[in-house]
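**Q** According to Swiss-Prot, the protein has these features:
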- 17-24, 88-92, 142-145: GTP binding site (BINDING)
- 8-290: domain 'tr-type G' (DOMAIN)
Amino acid sequence: MPRNTALEKYRNIGICAHVDAGKTTTTERILFYTGLSHKIGEVHDGAATMDWMEQEQERGITITSAATTTFWSGMDQQFEKHRINIIDTPGHVDFTIEVERSLRVLDGAVVVFCGSSGVEPQSETVWRQANKYGVPRIVFVNKMDRSGADFERVCAQIKTRLKANVVPVQLNIGAEEDFKGVIDLIRMKAIMWNEEDMGLTYELVDIPADLQDRAEELRMEMIEAAAEASEELMEKYLEGGELSEDEIHQGLRARVLNNEIVLAFCGSAFKNKGVQAVLDGVVRYLPAPNQVPAIKCETEDGEPASRPSSDDAPFAALAFKLATDPFVGNLTFIRVYSGVLKSGDAVYNPVKGKKERVGRIVQMHANKRDEIKEVRAGDIAACIGLKDVTTGDTLCDQEDVVILEKMDFPEPVISVAVEPKSKADQEKMSIALGKLAAEDPSFRVKTDEESGQTIISGMGELHLDIIVDRMRREFKVEANVGNPQVAYRETIRSKVEQEAKFVRQSGGRGQYGHVFVRFEPLDEVDENGEAKVFKFVDEVVGGVVPKEYIGSVAKGIEEQLNNGVLAGYPMIGVKATLYDGSYHDVDSSEMAFKIAGSMALKEGAKKANACILEPIMKVEVVTPEDYLGDVMGDLNRRRGIIEGMDENPSGRVINALVPLAEMFGYATNVRSISQGRASFSMEFKKYAEVPNNIADEIIKSRNS
């Protein structure tokens, strides 16, 4: 079956931005103008087509990126029909993972900025991610009808803060309440959209006299930018000082595709102005799948390879998102890089080493779906029937195996305990958490061996709130959520010799075990460089403790280590040497010596200056210079030790060691100190002694 749309006419794009820049509204307008949705869904009514999870409609934010396919032939029907696959991405920092995944499979992006707020913290994160994957992009400065909106100021911020070479291709006519339309700097005409039909039609009129000079200045800058694309264009420009419309398009396109410039458009999606011009920009300036470099991959032997975007190449696709659908079960969203996949075909997953059959293939329009027979290079679609696929896996032809690069996912930074409210919820909870963890690699689930509790970890407090919320709504599981917990430990600080005697004689056979044990701090590490928990040494001479009982003494000490001596936390870093003792021919037994060993530790550890240890985290905070003092002051208040400072393009990097107990609520706190512009990551570094005043509180609360 031949292609319906030639590959050159495909555009796989993402719409990304900071929370509240208006990106979902922009996507809604795109669907309206391209004829897919007949009534525009407003976000503040909770009716937007792309926000299909209940939590999204309630909170008015986008959590998971929905994928949609639509067609566009231009504002003036000047193009052949182009197929645009759109992925709407979340802008909240707790969901950065969704943005990262989307950018990984896109060929181009439209980054939306708010006309009054300009470049906000999450826009810096999104921009960094787009740079990481080399995604060509155009900019839409939205909300030009908002008070304080200023198109040129936002363009200047993008230049200075994001270090991007911005080239405006439009200029706004009026702003705030007086925002009327835009000047097209290529055609040098003003575009006025018709308000009666929600901006479906427009008029081209002359540029207002007061804006003529500024429009001409910006046009010259734009033509210079286009001319730098090639020597021929530059020669022509230097000879005549002008380029034709086609040459301008050609030059701008070449430079956008090379990530040398970023074109800026403006408008107000909510007021139905400017979105169709952005769609024209997507078709004109963003790449088709076969106009980006061939996807890099590896063969099964780890040799570097690549796959061209072609139907004739062997099949290769990346599973970039999993979702559970109430009607069809598991949906696996894939981006096809090469070859053809028909429903019913078998695919090979080299990451898992498994072969699976694709049941059906559907094209998603937000959460509505159309069944299709096949997908080809460049397509984005969802497969039904794959059981063993996780995010980031490759699907390919078993005869021609390649592994597309793995996606890197960040380590979770916050954990809480969850427990089902009733016995009936217990089994449902583990199924629900398993499914949610398969969908979202930045969310982890584990069982705490000490407490037996289920611990969930994620990218932030909002992230975990939404997980608990989804358990309740989608899986009907009610759960209690605990406060974040810290895994403390205990140890000893000095050397001590301890005698312990366990004697029971009450008629018949008694019990007799008698030992002398030396306890001291153990400063040894294992082959992984981790501190050793326990070491037992046998120095018994002359059989005063018979060989068959020595293992029991060690066992008794080790079991008591798990229960601690101060607050019931496991002990680590203890060396025990058995050097003397005595036995009874009839009454001694393994049990008696085991109990004697455990008594020796219990008594000895108290004399050996036992103390409580806490996990210390290695914390890295990236912050703009303006907030450096506040961020460092806050880390000091959290008992942090600043180890050093670095610089990177996003600002200053602070490296510190901070107790985990002081890091709860930090994500929210650092966000408010830096107005959301600082970001942080942390990982476990070591255990260290807790200050006495805090240790006393811990012991008191554990023993009460």
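The backbone N, Cα and C atoms fix where each Cβ goes, and this holds for glycine too.
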**Q** Let me know the model's mean pLDDT on the domain 'tr-type G' (8-290).
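**A** PLDDT averaged over the stretch: 84.
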**Q** Using DSSP with the three-state reduction, classify Lys23 (GTP binding site) as helix, strand or coil.
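**A** In three-state terms, Lys23 (GTP binding site) counts as helix.
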**Q** According to DSSP, does Met144 (GTP binding site) sit in a helix, a strand, or coil?
**A** coil
**Q** DSSP three-state call for Ala17 (GTP binding site): helix, strand or coil?
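**A** In the DSSP reduction, Ala17 (GTP binding site) maps to strand.
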**Q** So what sits near Met144 (GTP binding site) in its own chain, CB-to-CB under 8 Å and at least six residues off in sequence?
**A** Gly115, Phe151, Asn172, Ala175, Phe179, Cys266, Gly267, Ser268, Lys273, Gly274
**Q** When DSSP states are folded down to helix, strand and coil, where does Thr89 (GTP binding site) land?
**A** coil
**Q** Using a 10 Å cut-off, grab the number of neighbouring Cβ atoms around the Cβ of Ala17 (GTP binding site), all chains included.
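**A** I count 29 other Cβ atoms within 10 Å of it.
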